């Protein structure tokens, strides 16, 4: 039987191609996702290792309040470097200042990038400095800087240019040199501005007496561990010495566990969605192929082959196809990874990546997954095929039953009912998930009966458009089960997209409403999105100046930071809480969020629930500089879109913070002031600070949602791949169907159908199948999203109105249908070319 | 289309002389259909000149591989002669494009095949009017009803082919061929898959179409019984016209066929 398996595959190239393509599409995405995340990981960790390569020991603040890599430790005394230098075995010790430095080009515009804006001091010891000068020289005065080549290119900077650096106060400087990070233009997406040490202490450090860390180079052959221990002996309390390799590893781990893990999970989720969609497509393709081969199997049975032999022959073929297609999918994944990389770059998330990282693990994941999915998909059709009595199959080629068993429909109806009840009543995600699964399964089970009734009604109006749609309609309705099989991948794909679309739209409109409610001040200054990068923002000096602009009643700066509470790092917002109420309405539920002073904290109701807090609760915290304090909860608030979950007063924050930087300033207008005039006046003041945007409430809401939109777009693109797989499946089964119906098509041509009409009939059929699938998916997805939003709203106190994005969904439906039409093009063209004589001649 | 034609060779078959193709419903003039070239060339039609008069029922007979199906396919515009000409009325099929041939089949020819005559997704009634639907035109409903009644399917009109017997399916095919009132009805072994009673019904319908409607029918068959329904039987052998017989009886046809019996040829069509 083994030889027969191989012969069979070779004899039916088209069927095999169809199956291989179905499996290939599914595995390629998985492979691509893994390759891309490995590539990004290796390149990012590579950058980090390069950065720390020459540093043998790092001396730094012992307190770490953030799980973000490489930033946010508080400062240490500048004199520490001198102490370290005296330790035996230390060859060189350079004080390192790291802080915020936004470059402003010669036109007064900020040079924006895709990473933190870093400023610091140029380190003369090349072993400790990962940057290399490519042009000009090192800074020798407090107003001279070296910039990274990427920023120089972007801002058109050359040595000799007079520009401004916002640290965050505007500092006039002269560019004297341009440097690369090793061979690369920049350290990933980060910009780098290096002053000399005096300049860095004066402009970048929070206090000229404080530095960020000390980088130490040891005499050749010295042991990092031992040296670190020796250095530790001379250090003041709160300062630690760690071996360079350990410090680097910490950063690598932080990135790997943080961003990279999220990125990998994110991609994997979509890969799994694609694989599920592909599995439906593979399963259907196998069903069709198996039905076509019933006769063959029956002949073998009649000649004495056992059921098991028939079954193992089918599974043997599936295994061969699974292996071949998975290997091809693995390779295709490399291409897909390159494409995804380009897509992320197009959306402004460029990865500092060269080439692609292909690890053995990828193959060890993709190949078994592809093969197992193929085998499982092939199993049911194979078992069905082996059950056909030999005589039945020999008698008639059309073994596939056109009927829809009542029992099947009844089972489906029960499943749907149970699913819907569970979904609607669900108050947690477990019940919701079970309900959703039952609903989806029920819909797929009941679908053939629905196609028979609803599909017939929905396609009827098109039958008048000519012979093409009329014939297509007949073919869609001839075997409702097959139609459903062909459309299932589409149903699942569109349902997933719809769930996401409704979910995203609902969350967005929820966030939009909340932002509007929160923002009672008339204007904002600064860019909320830049705050996403550690340390983005502008100088409090600008906030103070804005407060003096005529027509401005209050200007309150919001500072972002981190501190340790409840055992891990917490994002906090610090503000002048005495006046915060004039610009923001946080929806206070209990107590007060005003005038928190140095001993109080306000928390969101979510945080209050999570940590069992109420007004009067004591919260022990550790500030970035290592200071421990106990804060009292003064108030609990509802609206978190602007301030997050923890709010403290500036007075409490300022002495311990890493940087003095306002992420956003909110302005309240004086009574009678003209918003337009005030806005223009504030913009004028902001000119000297690199023109941070000034926005009214609508403008701020739009800008803050733009980030969300971008993320949503990326998700759409990734989900579109799943839809492509579904469309590929439709095309695939259509071409199999055309092959199967070649005699009918021949008859049609013989009695006078033009090629165009044959083509049209197949394209209409494809569009009908896609449209029916898309419609079902839309309804299903909308229902599931509605339930999910309900559960989400029930679990928190956030008001999340269910928003159905009608336009997006209409576009989705149109895209699905049009995609179906396009998917039918090739099979239709091939079918129209078929030889009439061969088709009508009796075999 | 109506280019003047030279008179075909009248000496070859004087009784079948063709002076003007338009006189016939269809005709072949020195038609050759060859496959392969050189030593391997096989001629399915070897210089066939024949006309099929209007309003007559002609049967084409011959052993397997004699070229009878090829002749039918060429007359239908489904196959193209490699030499000579084929006419439907005074239309030279060789001058038509694929699209024009398709329309000619749709508008001017009716088909009855041996099997698989009907689209399984359409009802009997829809199959009858299929060529008109493809043309985007409507047939005279009264006429269609008459045809359906005449083939005895009035109560089966809404059924799908899978719900009809083989004989009923062939009668639907005959109704389809009649409904469009074509110039020529081509039947390729129409009774080949039927039992004798159903076969007799179908042949009776074709006979009746000629007698009462004045249709022209050309039927390929190897059944002497079926040939007995025709006005004329034309015998083909080795791609050439071997003989003809007017007012045939099954026995006479059977006797004539026996004379052709010889070792089977390997090549067909």
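Indices start at 1 and increase along the chain as displayed.
Even glycines carry a Cβ here, placed using N, Cα and C.
From the options A:237-258, A:391-412, A:413-434, A:523-544, the stretch TrEMBL describes as transmembrane segment is A:413-434. When TrEMBL is compared with the stretches A:787-805, A:806-824, the one noted as transmembrane segment is A:806-824. When the ranges A:176-199, A:200-223, A:440-463, A:560-583 are checked against TrEMBL, the one recorded as transmembrane segment is A:440-463.
Across the domain 'ABC3 transporter permease C-terminal' (A:269-390), DSSP assigns 102 helix, 0 strand, 20 coil. The transmembrane segment (A:318-351) shares the most Cβ pairs under 8 Å with A:16-36, out of the stretches A:16-36, A:266-286, A:363-383, A:484-507, A:714-738. The transmembrane segment (A:16-36) shares more Cβ pairs under 8 Å with A:266-286 than with any other stretch in the list A:266-286, A:363-383, A:484-507, A:714-738, A:806-824. Each residue of the domain 'ABC3 transporter permease C-terminal' (A:717-835) gets a DSSP state, and the totals for helix, strand and coil are 100 helix, 0 strand, 19 coil.
Remote same-chain residues near the transmembrane segment (A:363-383) are listed as 23, 26-27, 30-31, 34, 275, 278-279, 282-283, 286-287, 289-291, 310-311, 314-315, 317-319, 321-323, 325-327, 329-330, 333 (criterion: CB distance under 8 Å, separation of at least six residues from the stretch ends). Confidence in the domain 'ABC3 transporter permease C-terminal' (A:717-835), given as mean pLDDT, stands at 85.
With a cut-off of 8 Å between Cβ atoms, the residues of this chain six or more beyond the transmembrane segment (A:484-507) that come close are 273, 276-278, 280-281, 283-284, 287-288, 440, 443-444, 447-448, 451, 708, 712, 715-716, 719, 722-723, 725-727, 729-730, 733-734, 769-770, 772-774, 776-778, 780-782, 784-786, 788-789, 800-805, 808-809, 812-813, 816, 820.
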